[in-house]
Structure formats: C-alpha cells, structure tokens
Amino acid sequence: YGPFWICTTLIFVAASIGTFVTYIAHKLKKKEWDYDINLVTWSAGVFYGYVTVVPLILYVILKYFSAPSGLVQLFCLYGYSLFVFIPALCLSVVPVEIFRWVIAGVAGFMSATFVALNLKAHINSAGERWFLIVTGIFLLQLALAVVLKLYLFTVTV
C-alpha cells in the first residue's frame, strides 16, 4: 500500500502547496486569485500514470533481456522512489526560482539513484545493455523532475 499512499500524498501536497504558492504570489502583487482545480487532476494523472506505466515498460524491457524482475516489486520501487518529491514540493514554497530548479534537480537525481541502485542486480544480469537501461531510468526520473518543476514548482502571476 506504500506506493499508492505516497502517490496520493504527493497529489494532495502538490495541489495544496501549488495553490498556496500561487495564492501568496497573487496577493503580493495585489491581483485577483482563482483556485485551479485542474492542478489536482493533473498531478493525479502524472503521479499515478508514472507509477503505473514506467514500471510496466521497464518490466517488459527486463523480460526481453531475460533479467529476473517482478512487476509488483517494480510498482513498489517506483512508488517509493517518489517519496523524495514530498519534501521537495514543500521546499518549493521558497520564492527563489534558481532554488526551485536546484530542489527539483536534486530530488530527481535522488529518485533516479534510488531506482538504479535497487535494480542493480537485475540490470547487471541484462548483459551488455545494462548501460542503456540505467540511462533510461535516470532520464525518465529526471524528466519527471523537470515536468514537476515546470508545472508545479513554477509560479506565474
């Protein structure tokens, strides 16, 4: 149940922190503010979709290379790898754009490292293609961090 609850927590943290940050930014500039309900549905689609689709693709790739892996374990691994984005989203309250980029980058790197280290034995048994798999894992996790930065950590007034 852990990966499900981490994703669910991320959805509500992303929506509430994103709403709070935009509210404060609008009030500081003395502009009218409206709540954006799409933030909840968008973050739900991103987090639940990522934790479902990416492990499925990785499972197929590992099976293709005859590497031992379990689908449930991959779902759990990717769900737990998103935990680092909870404190990252909380730190995105700081209104310094470069700080938000650094936080998103560090969270993405930590998440990618967590997945790669935990899949090390499976990836090593994939033979010579292990580097491509690790690169793909890192790029997907970093892409998630960039998407989160652009849509959740960015405030426009």
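Each Cβ is built from the backbone N, Cα and C atoms, and glycine gets one as well.
These features come from TrEMBL:
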- 1-147: domain 'Yip1' (DOMAIN)
- 5-25: transmembrane segment (TRANSMEM)
- 45-62: transmembrane segment (TRANSMEM)
- 74-95: transmembrane segment (TRANSMEM)
- 101-119: transmembrane segment (TRANSMEM)
- 131-152: transmembrane segment (TRANSMEM)
Stretch in 5-25, 45-62, 74-95, 101-119 most in contact with the transmembrane segment (131-152), if contact is a CB pair under 8 A:
101-119
On average, what pLDDT score does this prediction assign to the domain 'Yip1' (1-147)?
85
